[in-house]
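Database features, via TrEMBL:
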COMPBIAS  1-11  compositional bias 'Basic and acidic residues'
COMPBIAS  13-28  compositional bias 'Polar residues'
REGION    1-52  region 'Disordered'
TRANSMEM  60-86  transmembrane segment
TRANSMEM  128-152  transmembrane segment
TRANSMEM  172-193  transmembrane segment
TRANSMEM  205-226  transmembrane segment
TRANSMEM  246-266  transmembrane segment
TRANSMEM  278-299  transmembrane segment
TRANSMEM  305-327  transmembrane segment
TRANSMEM  370-388  transmembrane segment
């Protein structure tokens, strides 16, 4: 790849001509034979390019403000789903299956995000950003388009592509997306139905298991032979990518399990409304914001990324222990018959008599404790991976 290549909003984020360059283990400083990042990395090019005019501080902050607004809107969308899923399921007297609302939401993200990324490579990230803002954030469409058009500075475009729209669509791995969606759906069905509604050896579980295996095989074959797979499996063969993906998965699982239970916990134990229960999620998202900004500032100033990677799981473990010993109810017994009714609707618990609440509420408290135990285990594994990771310092540009 030439260092003078023109890059614009249609430049692929994962170039095909360098399969083993951008995703490698970040080496220690004492190993100069293996460079930490390629010399043609886009960040290095942006720094070394003498012809690129320096952006003013106002333009930088204006661009960051646009990005922060977009992240805030997307996180608000996720928090609304977390806060109201239990109430929606309660309206159908099926609180036990309310987790499927979040499962469907996450499943749609797993399939839609890779497709969105590929479409952005083909048709331009700016065009897809404006289109998604129109379809999803209708009240903010005019503001979003104006901010993106005026503040999002793009590099000068090279030669316009003469590729037809149909040819671009043929480059998208729809088959891989289908197999990926089928695999995730089958696994979710097995975990939801197995041992609770049907036996682990029932025909339904075996059928879903076979579907998951066949879909996974189809996805692997599609990824191996597709010209531009939706998820390049070669990324997982690199140490840095695999370990970081595993840490993100464990941390996300811990946080998702906790944030999903917080609204239900306060609605049941504290008789909070949906709005009040959702407000309890604000500190969690605020912590994510502050943690991300602090970590980014630390890495930028010192070049060390291992310290925040190790400290983050330790803080997570401390928070889980704190929740474990501070969020509790004094009574610890319940009956299955009353619990079955409690699992059908939150309203049942909120309107139940005092004696019934004394039996039911501890069940929700115990489930909250189990989530904390799960979070402690995931955080411990994440901490272990972070401690033994190879990379220590980012290279100086």
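Each position is counted from 1, following the chain as shown.
Even glycines carry a Cβ here, placed using N, Cα and C.
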Interface present between the transmembrane segment (172-193) and the transmembrane segment (205-226) (three or more C-beta pairs under 8 A): yes
Residues from the same chain, set at least six apart from the ends of the transmembrane segment (172-193), whose C-beta lies under 8 A from its own: 97, 99-100, 103, 107, 110-111, 114-115, 118-119, 122, 204-205, 208-209, 211-212, 215-216, 218-219, 222-223, 226, 228-231
